[in-house]
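Chemist: Structure below; questions to follow.
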Amino acid sequence: GGSLNATFYAGTCPNASAMVRTIVQQAFQSDSRIGASLIRLHFHDCFVLGCDASILLDNSGSIISEKNAGPNANSARGFNVVDNIKTALENACPGVVSCTDVLALASQASVSLSGGPSWTVDLGRRDTLTANQAGANSSIPSPTQGLSNITSKFSAVGLNTNDLVALSGAHTFGRATCGVFSNRLFNFSGKGNPDPTLNTTLLSTLQELCPQKGRGSGSTNLDLSTPDAFDNNYFTNLQSNNGLLQSDQELFSTTGSATIAIVTSFASNQTLFFQAFAQSMINMGNISPLTGSSGEIRLDCKKTNGSG
Ligand code: HEM
Ligand SMILES: *[C@@H]1O[C@H](CO)[C@@H](O)[C@H](O)[C@H]1NC(C)=O
Ligand SMILES: *[C@@H]1O[C@H](CO)[C@@H](O)[C@H](O)[C@H]1NC(C)=O
Ligand SMILES: *[C@@H]1O[C@H](CO)[C@@H](O)[C@H](O)[C@H]1NC(C)=O
């Protein structure tokens with residue numbers, strides 16, 4: 001856990017974790033997708049100069065918001081729930097719990113409330129004073145850039161192939177829009193045909209949802225078998241060519257890749273997947289946190305304290 005630790009708020013905000021869980025649970029009642037959206041915010045935060053809540057800052061005089069970066073625009077969601085959590089924490093323990101720790105805690109609650117594993121969340125991260133939109137454009141993996149480029153982006157933040165496969169298992173819940181997988185449907189890689197590693201039944205469904213002309217504005221489940229449950233069906237889907245994104249299916253369909261054996265092991269043993277996922281979430285949450293007197297504890301997650 002580096003300089004983070006699980007008891008960081010024990011003396012200053014002992015109920016922080018329980019409060020986060022309660023608000024996430026309430027949010028699930030009107031939005032079955034919210035858990036998926038919240039964990040994705042944590043991922044997109046941590047991959048850009050570390051877990052520092054940079055993704056939560058809105059545009060302002062000095063901030064070019066990461067919310068408008070390619071991987072986030074019209075896609076990242078859940079910000080209002082983050083704000084609700086932060087408001088509750090500020091009422092209970094003013095100026096204590098960082099926005100980036102809110103993302104880490106909300107991710108754990110989201111997974112656990114969806115049937116996935118629990119883990120002890122390391123805490124004590126502080127919030128950045130800056131955002132890096134260019135960094136968000138270049139550091140967050142794209143679903144079409146190929147497995148080796150994605151592996152490099154994980155490696156650049158200290159995450160290995162095991163982490164890559166385990167964390168990709170977060171696509172066991174949540175949705176994706178036509179634009180992020182339509183490259184597979186008609187003329188994959190300019191070869192005139194759909195992606196041969198896309199199950200033909202799923203292909204037909206997706207071609208209807210996302211027509212070649214106009215692409216459609218549809219969205220669909222990342223896990224076609226159990227869309228809202230956190231389980232290992234993401235991996236069994238890959239074994240039947242039912243991964244939705246190119247980057248998902250490549251984990252199983254790239255000849256000779258070290259990822260294949262890992263997919264196979266998670267597909268056959270959910271307990272193994274859950275243990276690996278929990279450890280990889282701890283690893284991801286430890287990417288370059290601000291600690292000590294670096295950064296600040298933001299009072300409003302959308303803006304730095306000095307910005308009025
Ligand atoms: C391995 C590289 C990854 C790529 C290329 C990737 C790409 C994507 C894309 C393109 C979407 C759909 C966005 C949209 O259509 O609006 C998505 C959704 C999602 N991603 Fe990933 N992702 C990756 C890894 C991860 C990781 C590490 C996590 C979390 C640990 C994660 C969690 C999610 C979740 C939960 C959703 C659904 C969000 C929602 O429904 O709001 N992804 N991802
Ligand atoms: C990031 O990408 C978005 C969308 O592609 C683009 O509008 C924006 O100008 C890029 N930002 C930077 C700083 O490169
Ligand atoms: C990997 O990234 C490089 C540099 O951005 C790019 O030129 C290359 O086409 C990418 N590979 C694939 C398979 O997309
Ligand atoms: C597929 O894309 C390639 C490269 O862009 C193009 O040359 C070809 O005409 C396309 N094929 C079809 C069937 O649209």
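Numbering starts at 1 and runs along the chain as displayed.
In case you wondered, yes, glycine gets a Cβ from its N, Cα and C as well.
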Chemist: Given that TrEMBL annotates ASP223, THR226, ALA229, ASP231 as binding Ca(2+) 2, state which candidate in THR161, THR172, THR291 belongs to that site as well.
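Modeler: So, going by the record in TrEMBL, that would be THR172.
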Chemist: Could you tell me which of CYS13, CYS46 is bonded to CYS51 by a disulfide, according to TrEMBL?
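Modeler: Of the listed candidates, TrEMBL names CYS46 as the partner.
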Chemist: Going by C-alpha positions, which of the recorded positions (ARG33, ASP231, CYS301) is nearest VAL48 (Ca(2+) 1 binding site)?
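Modeler: That would be CYS301, nearest by Cα distance.
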Chemist: Nearest by CA distance to SER37 (heme b binding site): which of the recorded positions is it, out of CYS13, GLY50, CYS178, ALA229, ASP231?
Modeler: ALA229
Chemist: When you put GLU66 (Ca(2+) 1 binding site) at the centre and draw a 10 Å sphere around its Cα, which of the recorded positions CYS51, THR177, ASN187, THR226, CYS301 have their Cα inside it?
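Modeler: Near GLU66 (Ca(2+) 1 binding site) by Cα: none of them.
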Chemist: Other than THR172, ASP223, THR226, ALA229, ASP231 themselves, what residues in this chain have Cβ atoms within 8 Å of the centroid of the Ca(2+) 2 site's Cβ atoms?
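Modeler: Other same-chain residues near the Ca(2+) 2 site: SER114, GLY115, PHE173, SER225, PRO227, ASP228, PHE230, ASN232, ASN233, TYR234.
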Chemist: For ARG175 (heme b binding site), identify the closest of the recorded positions ARG40, GLY50, CYS93, judging by Cα separation.
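Modeler: The answer is ARG40.
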